[in-house]
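According to Swiss-Prot, the topological domain 'Extracellular' annotation covers 1-11, on the basis of a curator's inference. Positions annotated as transmembrane segment by Swiss-Prot: 12-32. Residues annotated as topological domain 'Cytoplasmic' in Swiss-Prot: 33-541. Per Swiss-Prot, domain 'SMP-LTD' is recorded for 67-249, and the stated evidence type is sequence analysis. Among the features that Swiss-Prot reports, region 'Phospholipid binding' is placed at 227-509. Among the features that Swiss-Prot reports, domain 'C2 1' is placed at 240-362, with the record citing sequence analysis. Positions annotated as Ca(2+) binding site by Swiss-Prot: Asp276, Asp282, Asp332, Glu334. For 401-521, the entry in Swiss-Prot reads domain 'C2 2', with the evidence type sequence analysis.
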Amino acid sequence: MGFFSTILGFCGFGVGISLGLVIGYVLFVYLLPNDVKDPEIRSIADQDPKAMLRMLPEIPLWVKNPDFDRVDWINRFLEYMWPYLDKAICKTAKNIAKPIIEEQIPKYKIDSVEFETLTLGSLPPTFQGMKVYLTDEKELIMEPCLKWAANPNILVAIKAFGLKATVQVVDLQVFAQPRITLKPLVPSFPCFANIYVSLMEKPHVDFGLKLGGADLMSIPGLYRFVQEQIKDQVANMYLWPKTLVVPILDPAKAFRRPVGIVHVKVVRAVGLRKKDLMGGADPFVKIKLSEDKIPSKKTTVKHKNLNPEWNEEFKFSVRDPQTQVLEFSVYDWEQVGNPEKMGMNVLALKEMVPDEHKAFTLELRKTLDGGEDGQPPDKYRGKLEVELLYKPFTEEEMPKGFEETQAVQKAPEGTPAAGGMLVVIVHSAEDVEGKHHTNPYVRIYFKGEERKTKHVKKNRDPRWNEEFTFMLEEPPVREKLHVEVLSTSSRIGLLHPKETLGYVDIPVVDVVNNKRMNQKFHLIDSKNGKIQIELEWRTAS
């Protein structure tokens, strides 16, 4: 009897402990305390110092930190738009999650995973402040302080082995301070190509998780474990300097950089038509690359010759070989007046094979459609023989990012042996002012070539964002780029039609060594004037 009583005692003890744990868990989860009171609301002026210290972490950043701006207008916008944003975000989340779930569930022998209910609730996130950084690069950097105490209802049904279980997420709280970078800024809507998101500190994430109606987060120890795991996992993926990159625009279309160089050799023309009374002509060829701001390039004039030979070579930077075309126009030079067009034709770059010489014989026409005003093609105008070579840039020379490379004054070690292309981007100027007028434009001199930007009328802080290229046979390790800001009067008859607003000479050796430089230069002969110039050096081999 003593043995059986001992066994029964142990069984009773086990049953009692089990029932006690179950009853205690149910009471802990489902019974609400009765001593809950609404918080007392008082003005800040009535708070004592200890209460103020307790409330200090909850004060918005725009109050504590002068670098942060108040953005109540964004909060009002979110409050008004949240019912519509909620539906749109949930619909997008379902569409993104569906193929991922379908791919993963066979690995775990799960029949299905479905969203029975998905809503983010009626409370939108709020921004406690926002800090904006200004840089010389084509980017916009923002650091908002985000707080979101939401009442979502996310109910997921999981079916496996003939059983169904529901998991519900409620009472979500997220406090985070992300850094959002929009770059590069481009002239195509929405005006930026990528979104870079980083977290400046570990986020605070809190939520309720129910399984079959029971709150799993109420289990002692589980809440803290889950919260720390979420913080660590999110920090490992997105804590600065790690970033989440969201592409918005196709890089090739958003930021059209030169991708190669086309070498053009004008060999000869055959059978040109007579243009003067003596039965001859003074032909020359004008070459233009479509969608390029660089002026047309010209051959020399061959006097009194209907079958001229030039054998002259030219180079053009290519941005889109699939759409750009070379336009060849033959003109008859006139000593007085404008030259007369003798014929023209075009050649699409997409017909070129990279790194392969190819000869073309182009039949000259009056216009691209062969005639004018709907008339049939005119008489024979001769032929033009040209040779082309398209050399795309190597992968090493293509731009990999938009981070600034600082220029360093040092000897040109490792200078490339072959020639290349110098890209000059004139961004903007600041505090330029003339004595008689301020209609600024920029004139660039480099190795005997000249480039000009457009004129900006009556502006002390003009923006151009214009790009120019210089084809060079060898690296410019000893040359300087002369940049001059000028102003011309918009009126006729003034005593001072043109004046200099400042200039700067930029050594190009640093660009050859470092591939890229983007900075502001103080203008000489200007009181406070500055100009922002971006330089790049690219080789074709």
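One-based numbering along the chain as shown.
A Cβ is built for glycine as well, from the same backbone N, Cα and C atoms used for every other residue.
Annotated features, which come from Swiss-Prot, shown on the structure.
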residue : record              : DSSP class
Asp276  : Ca(2+) binding site : coil
Asp282  : Ca(2+) binding site : coil
Asp332  : Ca(2+) binding site : strand
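Apart from the site residues Asp276, Asp282, Asp332, Glu334, the chain places the Cβ of Lys275, Ala281, Pro283, Trp333, Gln335, Pro339, Glu340 no farther than 8 Å from the centroid of the site's Cβ atoms, the recorded Ca(2+) location. Helix, strand and coil residue tallies for the domain 'C2 1' (240-362), in that order: 7 helix, 56 strand, 60 coil [DSSP]. Comparing the binding-site residues Asp276, Asp332 by how many other C-beta atoms lie within 10 angstroms of each C-beta, the top residue is Asp332. Annotation for Glu334 (Ca(2+) binding site): spatial neighbours Asp282, Glu340, criterion Cβ-Cβ under 8 Å with sequence separation of six or more. Counted with DSSP, the domain 'C2 2' (401-521) comes out as 6 helix, 57 strand, 58 coil.
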